[in-house]
Every structure is written in structure tokens, then in C-alpha cells.
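Here's the structure, in C-alpha cells; my notes come after.
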Amino acid sequence: MHVTMSPEDDETSQEHHHSALVPSYVMSKEMIGLQSRAMDPSKDLAAYGYGSVAWKERMELWKQRQQRLEESHNHHQNHASPDDDTEFSLMDEARQPLSRKMGIPSSKMNPYRMMIIIRVVVVAFYFHYRVTHPVENAYALWLVSVICEVWFTLAWILHQFPKWFPVQRETYLDRLSLRFEKEGEGSESELSAIDIFVSTVDPQKEAPLVTANTVLSVLAVDYPADKVSCYVSDDGAAMLTFEALSETSEFAKKWVPFCNKFNVEPRAPESYFAEKINYLQDKVHPSFVKERRAMKREYEEFRVRMNCLVAKAGKVPEEGWTMQDGTPWPGNTIHDHPGMIQVFLGKSGGHDKDGNELPRLIYVSREKRPTFNHHTKAGALNSLVRVSAVLSNAPFVLNLDYDNYINNSKAIREAMCFMMDPLLGQRVCFVQFSHRFTNNHANDDDSYHNQTAAFTDVKMKGLDGIQGPTCIGVGCVLRRQALYGYDAPRRKKGPRRTCNCWSKCCGCCGWCCMGKKKKKKCNKESSHRKVHSEASIHQSALNSIQHVTPRTEGEISGPITEEKLAKKFGRSPIFIASTQLGDGEAVKHGSLASLLTEAIHVISCGYEEKTEWGKEIGWIYGSVTEDILTGFKMHCHGWKSIYCIPERAAFRVLGPRNLANYMQQVFESALGSIEIFMSKHCPLWHGYGGGLKWLERISYVNSMLSPFTSIPLLAYCTLPAVCLLTDKFIVPQLSSIAGMWFLSLFICIFTTSILEMRWSRVTIHEWWRNQQFWVMGGISAHLFALFIGLFKVLVGVNTNMILTKTTITRDNDHDHSELFAIKWTTFLIVPTTLMMLNIIAIVAGVSHAINNGFESWGLLFGKLLFSLWVILHLYPLLRGMMHNNNRTPTIVLVWSILLASFFSVLWVKIDPFLPKSNGPILEECGLDCS
């Protein structure tokens, strides 16, 4: 069988192959002759491919091409100049890949993998001893401890799977500029456009100045201004946010040119002027100091104006807010108002003081009515997806919170090195940047972000080596086509090498076998398409539609494909038309006013009814952690994701300021995991037959099961106190062999942790803090999230009604808002009780040992270590409760003392120090009195 190619295709493929693999300097060397291929004279030349017409054409083209290259090379050597060398080197540099994936050195990973295997073997022998040697006088304690240890071991094994093949990535921003940007004035950049979403709800709880700094960092980003559009979602319809955004747009006309002129970092003015660094370093412009002082004064005046707006918003008029023209503000009733869109900066008037164009800045507040379910943040983000598709339709989307400012102005370029890579980018659904907090505390030990960012990096690096990290939500650049629920493009397999020296019989048998396999594969692929909501069918339907014209409500739809698209995306012809346009193409439909009218339509309350929004399209509904659920659905469609850790942190978010904020964040994350686990999107049974890899699925399952660890963790932290109060222990008296297994297990745990810190570059302090906050969050926020999730399943209450810090409304007109609100002080009752109980148990155990003599101290030593292990893990909680600015609530102390006293009195009643006997104790003294 012969594979023939047309001359044009063959020349194109050869040129592409040469440009991708062969640098220009290789041509200067002599061609090395290849060893000739032995031929059998009895066979026809066509059997080797030499006699075919296609081979002759390819040989002629190759000879002509080699001759042209040799002539150009000789001419270049005779008339060479430094500029020509630079031009050729730049061309070679532009053809190089935009990013590189690097594995962790085997000298660091192989010992870690070997130790994991050794630890699994030691754990197996350890459990064999534990199961075959129960404690007769404390059977219940022994059984509970074994069950807890088995659960912890299974959770640890599941946690190790994603860490087996960690990778690191490196980007090349200079190659991105060489490939997609041309030097010189008037040259248009070929970089892809991007829409940036900034979400805010209540300006009374989310400071407008913080939101303004985030918006300013977006507008000043190092990216072509005509390629950036910033959409601010005001889900609270607050006039304060609207006025603050108006002030921000005016200040941006001064701030953006200052950032571009002096290349300052970061480009959020609050963080820039608050940094205690040498801001004169690497600054050579003579007017920098003068202009910086002037800009700092401008920003201070801007802060004063923002403070005036906040003070004014504190006194709401009885008749509600009114705008400058005297009309009432549409958002006076927060849960019953129309949709609002305002373009502050754009192509028609968005220029800075130097006359340069600024990125678009658009205010969006979706329509809200009391009878509709608005799906909180996920619904607001889906509204922004539709509005941005109508107005700008950038192929990529960046999601930010109100306090998540851009810390690295080249962050978008970092993401484009992956998204726009011709080989890698087509299958990448999102690029997740590392999560970094802004430390506002003088002492880092008092901060509640607990330095777990390093351990998040470890997990994400491991997932990046499989199919990609999970979606954290903020600081994530997503592909719009992936948000629309389409399957990832399939890899095209290259042509196989064929040989027509096979006999016809073998060829026929081969084709028959291949035909059967192909039929099975086709059936499997067809079922895969059915599972994934006909995404590929809609993609082919989009290719067949050339133009979608607007129609009235009474007009009957023509083609069946349009009706399917309407059921999938909603009844907006302009939005449907935007889904079929290529990357970077915006909808051209009349004036800006007509597009704004359509944008108001796509954010209406009833637009998502009877569509696939929130089910297969956009951010998926059904969980407070909509970002994790949306990323999981993308991975089920075969997409890959990338984890990017730039040298300078791309984004920074305000860390938890106190214990309340930290507990609330842990509670929301755990509650979202419970909701996903108990829904149809559970990784245990969802997405089979798609593109989700097994190790990636195991990672999702482990994340969903993490809140369930709170029950065995609570039981295991209670066991030390029970052992001390009852004078019993969970382990019998150890023999030499048993002691060897216990010692080996402790050594393996210690060695595994050291080796993991070695390859992940995590410090001992960070490791210990992570252990402390894992225990503290597990027995508090995770435990409450587990019961709330079970309560939702059993009773049917929507957990979205549990209000968080950032979604508390101003008018308190939600039904059952107080009934299902979890106060942060409730989280502290269980850990505080455990701490007091262990302290009382230590005192009781020491007293019992003193009362019984020297022989009791040997058994007491293991119990004391067990109890001190719990107290040391809960120490950050005790320190946070006793902080000067965060006094311990009275209700927490009252409940903790009551519970600890109850358990102590119960112990005294059941197992006192005195011997258990009704009469006098009679013992033989050993003396013969007769």
C-alpha cells in the first residue's frame, strides 16, 4: 500500500518540519551521507517506494530546495552583516516553543517513591500486629483506634497518587513577543484578546477601595490595551460601587500612563505605595522621583474621595438613592431590580492623559427578581460570560475576586505562553496560577493563611504531571470554548508507515481485524458523545451555520440546528452568533447601543430557563465551590489544565484577617466538597467514558472525601483524654518485635516527610503549621460542614441559603437567613472542648500515677505523649482565641467548660482513683502469726 501526497502538501510539511527542528546554522555544515538501503534485485522497485511517482516528485522538490538553501547560504556568507545575524537569530528564537515542562530530578524523586513503597509495607505489618493483638480490657478503645488508623492510611495513600509524577513549567515571554508582536509604531499585535471578570457583592463588607485597586491593576496590566476588557460584576446593585467605579475610571487615566512609563510593580497603588522596599532601584529616569511624589498625592486625594463616598453611603435616604438626573437608582431594592450595564472606558472615549487608549471598563449588574433562583456567584459569573461574548467575545477569560489584584503585570503573557502555544495550547482549558496571600500582619505566625500555599503548590505540581490542576477559581485564565461545554479537540494521529511487500492475504486479514477494532472504537466514541451532552454535535452544527439573524418572539424558527442551539445557549441570536466566531472575532451587529440592548437581554432572570446554563455550560451550579466543579466537568470533556508559578507572584489576595475569616473559608471549601460528593457530579460515578484520567479521578475523590476525615480525626483526638481518665490504653504491652514495627513506622513517617520537603522545597516550619491547621480545621469547620451537607440531603434544604461573609445582604429579607446561618463562634466549641479535656486528663493522669506509685509512670509516658500531640496541634487555635484583637467569645468558653466538666465528672463516677470493692481489702501478708 502506498501513501501519496500532493507536491504542495509535501513541500509545506517539509518546510514546517525544517523550521521546527533544524536551526539555520546547521546548513553551514557538510551533509553527512546516510547508509544506503539494501535492495533485493528480484523485487520491484515500487516495493521500496523508489519507483512511485510521488517519490520522484519528492526527490525533485528536495533537490531544488537544498539548492536554494545552499545558494542563499553562500550569498549570506559573502554579504553578511551584524543586523542580518540578529534577524536570523530572532527568527530561530520565534520558532522555539513558548513553554517547557520539566520534571523533578530523579535524584530527589526516586528516594521519595521508594520510601512510599517501604512505608506501605511497614504499615501492612503494623496493621497485622494491631488486628491480631487486641486490648482485652479496652476493646472498645482499641477498635475505635484501629478504625481511625485504617481511615488515615487510606486517605494518605489516595493523597500520594497525584504526587507520583510532579512537574514544573517554564515560560519564555521574549519568544511570545517575537512571534505575535511586531516592532514599530502602527503595527498591530497578534496576541489574543482577554476578558477579565472582577466580582463584588456588598460594598459595606467588601471595601470599595480594595475593589478599585484590583480594577486599577487590571487596567494597568502589561498587555495591548485594545485586547483587554474589564467587567465588574456588582451582584448587590449598590450605587456606592457604581460611583466608586466612576471615580476609579477617572483616576486610571493618570495611574496607567505612570505605570507604563516607569514599569512599576505591583500596579495596585495601595500595595505599591505601601511596599517597604527601595523603589529607586533600577530607576534611571530623571523625573521619576518627582512624578512618583505627584502620583502618590493624587492617590491620597483619590482615597479621600472614596472615603467620602463610603461615608455618604452609610446614611440611606428614606426615598432611596437618586442619580444625578433625579431618577431613582434602579438598585434601591436589592432583590428586585432590572439589569444594568454602564461602559466607563472604551474605544469611544477611553484614553489616558497622554492620549493613549485604555482597556475597556464595563459595569454589570444582572437582573434580580424574588421568584427566581439566581445561583449566587456562579450565576453572576455566567452572566458576565454572556455579556462579554456580546460586547467583546475574547477567546480567554480571567476570573478575579474584588480583593485579588494583579501583582505581576506580565501575568496574562505568562498564561498566553500556554494558551497560544501551537502544539500545547489547543487542548488547554485553563491556566491556574499559584495562590498567594498578602500578609498584613507584623508577625507571620499570627496570620491565618497558615502558609499552606506551599503545600497547595506540591499538590498542583503533581496533578500537572497527570491531566492538570484543579480550578481554584480566582487567578485562573479559562478558554471560552471550554466554558461552553465543548469536548477537547482530538489529537490527529500521524500516518503510519506502510509497506506493500505484504501479501494480499495478510493485507486482507489485517484490514478485517482493523475494521472490527474500528467498529468497537466508533461505538465507544459515539457513547462518549452522548454522555457529554451532545457537545460535539453542537460544534458541527455551529460550523454549518453561516449567519444568525435576530428574530422576533413570534417568528417561527427555521432550521432545526438553530432550535437546538437556542435550547443549549438561550434565545439570543447575537450570543449564538458569537459562539461560532473564531478566536478574537467580536460580534459586528449594528451600533454599541444595539449590542448593549442585547447584553441587557442575556442577563435577564429568565434567560437561563430551559437551557443548559449551569448544567453543561459555564460555571456549574449545585455547589458553593463552583470553581472545582466546573474544572472537573472540563477534565471530563478531555481538556487539560496547566499550573503556572511565575518567579514573581502573578496575583495576590488578602489573607484571612482573623480566626472568623479562616474558619469561614475552610467551612465553605468543605461544604462544597460535601455537596459535590452527594450530587450526580460525584467523581466516583460521573464522567466515565470521557477524557478524565484515573489518577486525576482519584485526586478528585480524595478532595471530596476529605471532610469525612473529621469524624475519625475527632475520635482519635478524644482517645488520649479517655485513656488518661480510664487508666487504659489502645495498645497492649509491646514485645521486642512489636516495638520494632512501631519504631519502623515512626521512622518511615519522618523520612517520608523529610524527602517530600526536599523535593517540594517546603520548610519544616511550613510543614508543621500545615499539620496544625489540618487538625484544627478538621475537628471544627469540616465537622460542621459534614453535618450541614447531610442535613441538606435528608431534609432537602438548599445550602446556598447558608450566608457567608461576602454574601450577607443588607436588608435581611431572606427567609430562614438566621435559622441556617452558621456563626463562626460555633466552630470553636469542639476544638476548645478537646483542648480543655486533654489538659484535665493530663492533670488527672499525673495525679493517678502519683497516687499509685512508681510503677504507673511507665504506662503514663505513652499516654502523655499522645495527649500532648493533640494539644500541640491545637495550639494555634488557643493562641488565636487569646489574641488581643480577637477575644474569645463568652459562649465558647461557657460551652467548652460545661462539656469538659461533664466528661470529667463522668470519669470520676465511672473510674475513680479508689479500688473497685464494696468491703475491706483482705490480702495475705506472708507472716506466720501462730
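Any Cβ shown, glycine's included, is placed from N, Cα and C.
The stretch that TrEMBL tags with transmembrane segment, taken from the ranges 713-733, 734-754, is 734-754.
A Cβ distance under 8 Å defines the sequence-distant neighbours of the transmembrane segment (774-795), meaning residues of its chain 6+ beyond its ends; these are 663-664, 666-667, 670-671, 673-675, 677-678, 706-711, 713-714, 717, 802, 822, 826-828, 830-831, 834, 870, 873-874, 876-877. The C-beta environment of SER199 (UDP-alpha-D-glucose binding site), restricted to residues of the same chain at least 6 apart in sequence and closer than 8 Å, consists of SER233, ASP235, LYS377, ALA380, LEU381, LEU384, ASN399, LEU400, ASP401, TYR402. Stretch with the most C-beta contacts under 8 angstroms to the transmembrane segment (734-754), considering only 110-127, 827-850, 856-878: 110-127. Reported as a whole number, the C-alpha separation between ASP627 (active site) and GLU206 (UDP-alpha-D-glucose binding site) equals 21 Å. Residues 146, 149-150, 153, 157, 160, 164, 741-742, 744-745, 748-749, 751-752, 755-756, 758-759 of the same chain lie 6 or more positions beyond the ends of the transmembrane segment (110-127) yet place their CB under 8 Å from a CB of it. Of all the binding-site residues listed (LYS205, LYS377), LYS377 sits in the most crowded Cβ setting, with the most other Cβ atoms within 10 Å. ASP235 (UDP-alpha-D-glucose binding site) counts 24 other C-beta atoms within 10 Å of its own C-beta, drawing on all protein chains shown.
Ranking the recorded positions GLU206, ASP627 by how many Cβ atoms sit within 10 Å of each one's Cβ puts ASP627 at the top.
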